[in-house]
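Everything below concerns the one structure shown next.
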Amino acid sequence: MDKTYQPHAIETSWYQTWESENYFAPQGVGDSYTIMIPPPNVTGSLHMGHGFNNAIMDALIRFRRMQGRNTLWQPGTDHAGIATQMLVERRLEAQGISRHELGREKFLDKIWEWKAESGGNISRQIRRLGSSVDWSRERFTMDDGLSDAVKEAFVRLHEDGLIYRGKRLVNWDTKLHTAISDLEVENHDEKGHLWNLRYPLADGAKTAEGLDYLIVATTRPETMLGDAAVAVNPQDERYKALIGKFVELPLVGRRIPIIADDYCDPEFGTGCVKITPAHDFNDYEVGKRHNLPLLNIFDKNANVLAAAQVFNLDGTLNESVDGSLPAAYAGLDRFEARKQIVAAFDAAGLLVSVDDHALKVPKGDRSGTIIEPWLTDQWYVSTKPLAEPAIAAVEDGRIAFVPKQYENMYFSWMRDIQDWCISRQLWWGHRIPAWYDESGKVYVGRDEAEVRAKNNLGPEIALQQDNDVLDTWFSSGLWTFSTLGWPEKTKALETFHSTDVLVTGFDIIFFWVARMIMLTMHLVKNEDGTPQVPFKTVYVHGLVRDGQGQKMSKSKGNVLDPLDIVDGIDLETLVEKRTSGLMQPQLAKKIEKQTRQEFADGIASYGTDALRFTFCSLASTGRDIKFDMGRVEGYRNFCNKIWNAARYVLDKGEDCGQNGEAVELSLADRWIISQLQRTEAEVTRQLDQFRFDLAAQALYEFIWNQYCDWYLELSKPVLWDETAPVERQRGTRRTLVRVLEVALRLAHPFMPFITEEIWQRLAPLAGAQGKTIMLQPWPVANEARIDQAAEDDIEWLKGLMLAVRNIRGEMNIGPGKPLQLFLKNVSAEDQRRLSENDYLLKKLAKLESMTVLTEGAEAPLSATALVGDMEVLVPMAGLIDKGAELARLDKEIQRLQGEVQRVGGKLSNAAFVDKAPPEVIAKERAKLTEAEQALGKLAEQHARIASL
């Protein structure tokens, strides 16, 4: 083995070997265990969330594969409708070409060309992270098979009365000209205004105070052109007498009713609210309760129409309400209309006041434009009938959420579920399988030929397919079964569905998880007709945030690419990466400064195993993950530790009883074997419970502290002792080899590359059969090999050695200087342990002699420590220069007192505490605590030496 651990030298070649040998494919034996990769957008590259997700899924798959399960981890990518269309449009615009000039077919050809060029980027990154996915089964949501499944699902849901077309309010992106989902809307906190407007009462009505008008408060005065009512709270005494009366809508002259609704907060403004059902989601709900007309005043660009389109709640035209609008505003965009309408109110003496107001402004996450609630014809899934069985599946335990608290989030959304708008006004995506004749009648079918045959439509009847495509989440919702061949009854579908685990972030429980459950349970049935669930467990993790707990985003300049941590990146390239393509270029300087401060030397190459182990160690239940580069560095050191331990074992491990020769186990051998059983049980238990953090912690503790720090040291005296029986030396060599081999198998799901590399060299000595660690059996604890007596004896020995080590440290005695040791208050058990381990103790603690003092015997002037009730004494005569040591301690105490004074002064300075970021203050407080503790220890040490 190379002297130092070089991840790059081993990672790529091992992945190629595993893939070419087909080790990732299901082995065809054992109970099935399936995970479907949540498909990343084909447009993108993997971010830290994907890296985290992949580390967790691969740990599960490798763990279950080693347990003998027939594992399938299926990869794939999502066509990502809006994101992909925008990206390709921008590329074409840079060449001076618009998609409308190209036309639909040629534009789609361009997208497929682009997908062929760049679609492999994600696959390359997944490979680099060591993910053991079955590449032969890779899927894309626009593959032919998946497109057929999408059409089949749409047609079946339509036949079952669960898909319909209707005119409803949607999130409308005025730049992209499409409806978008709630997930694609970002609410931005902005400073805005609240306009208080005077609406005259009609028919001579008066308020309780004798006024002939109401004052309504609004953040969107331009929408008043579409007002259908003014609402007041039914309990508001000020307006009770006016309920059922009318106001005259200023500028428009339309009479609109005053209605009572609990939606109105009597404490907000004057307690009167204008209701515009066609341009506000809350108002739409009020409109439904009071059967108000819907007056659509905007076109698809959010420009004011010449006359409002007036509809009933069922989407039919309302011809009884006058939709006339003032000609002055026709064609104006909504913000220009706002200015002119406010000016007109002011000129008419109807503008009461304008107040500053904090707003939540909805913007499209792709276009950045302000989203307009807009009335339009769309396709919908009727979700309430689908939600009931999906709720029951979680209630009765067929699907479990881990952590369990996310079940409540799921239930609260599912019990208040709204119908799902599934159509998008895009070109890229699954085109809706619906056709219209010239009269506008709609026909749904798998293709045009089926539509014509089913409805007896001859060739003389022209049919036009719906131009819209389906919401990306619709095809993603079929992901677990469409990728296994549904609607055909394939062997893969029979074997691997339902899947076992979905690993996902909490932010898409509603948008993806819930919809997968609803669609799967309706469309996929067992032989007896009972519904199948898409997965048995949903493992929900938090967001991966930066070290300060901030969300990672391009605009914050704190995004990390997992592959930059794996392969390393120089500072200039990192700065360029973080500052290019910003939506807000003015942030570039700030981001550059921050990056140069945080990564002055760029990012070192840590390798995949260190990054994966970091992700697993941070995977505590449900909390957001604060990603810490210090942890990656620590786990890179862990890889080095394992590598160096393996070099020692391979060097010493020959003649370890691999041919059946007799062995004798030492106390240390029995102890480490016993500890191994406990670790096997603990790691397995925690992985079964999805506690990757605790499994990683148990593994780290065993390998670093018990095996490397203690057992390797305890093995040396046995191997050095020329008088030791050959069987005992062979027993220690065998234990060194076999315990490491088992530890490598335990670590493999977390750190696949380093474990494979070392295992290949160690396997012959350990008597392990097989070509790869991946397919080795998972270690199972053997309770018969737990040796409590050996554990107790070693803990006692460790206590004694640490006591001697501490005395050396406190008294500044060199580690190699032989010491005399005196022991007082020695029990019979202590005496036995001393006698049995005399050679071991003298070698490891560097002792010249050990003397047990009889009761009442005078001890020389010594530094002391306790091991249980036994007193450990190291005589100081001739070991230290008392004066020089006290002078050294005085100097160090003085330095620390200065540090305490400096940091304490900083923290008691109000100007510093008020202005400094919380993480800087926390750092200073930690410094102060550390300095105070060190000062206390030095003072104790000073007193001990002074008393000698």
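Each Cβ is built from the backbone N, Cα and C atoms, and glycine gets one as well.
Quick look at what Swiss-Prot annotates:
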| type | residues | note |
| --- | --- | --- |
| BINDING | K554 | ATP binding site |
| COILED | 879-945 | coiled coil |
| MOTIF | 40-50 | motif ''HIGH' region' |
| MOTIF | 551-555 | motif ''KMSKS' region' |
Outside the motif ''KMSKS' region' (551-555), six or more residues from its ends: residues with CB under 8 Å to it: 47-48, 543-545, 578, 581-584, 587
Cβ neighbour count (within 10 Å, all chains shown) around K554 (ATP binding site): 16
For the motif ''HIGH' region' (40-50), sequence-distant contacts whose Cβ falls under 8 Å of one of its Cβ atoms, 6 or more beyond its ends: 77-80, 83-84, 87, 115, 118-119, 121-122, 125-126, 129, 140, 505, 543-544, 552, 559-563, 627
For the motif ''HIGH' region' (40-50), the number of residues DSSP places in helix, strand and coil: 3 helix, 1 strand, 7 coil
Mean of pLDDT values spanning the motif ''HIGH' region' (40-50): 84
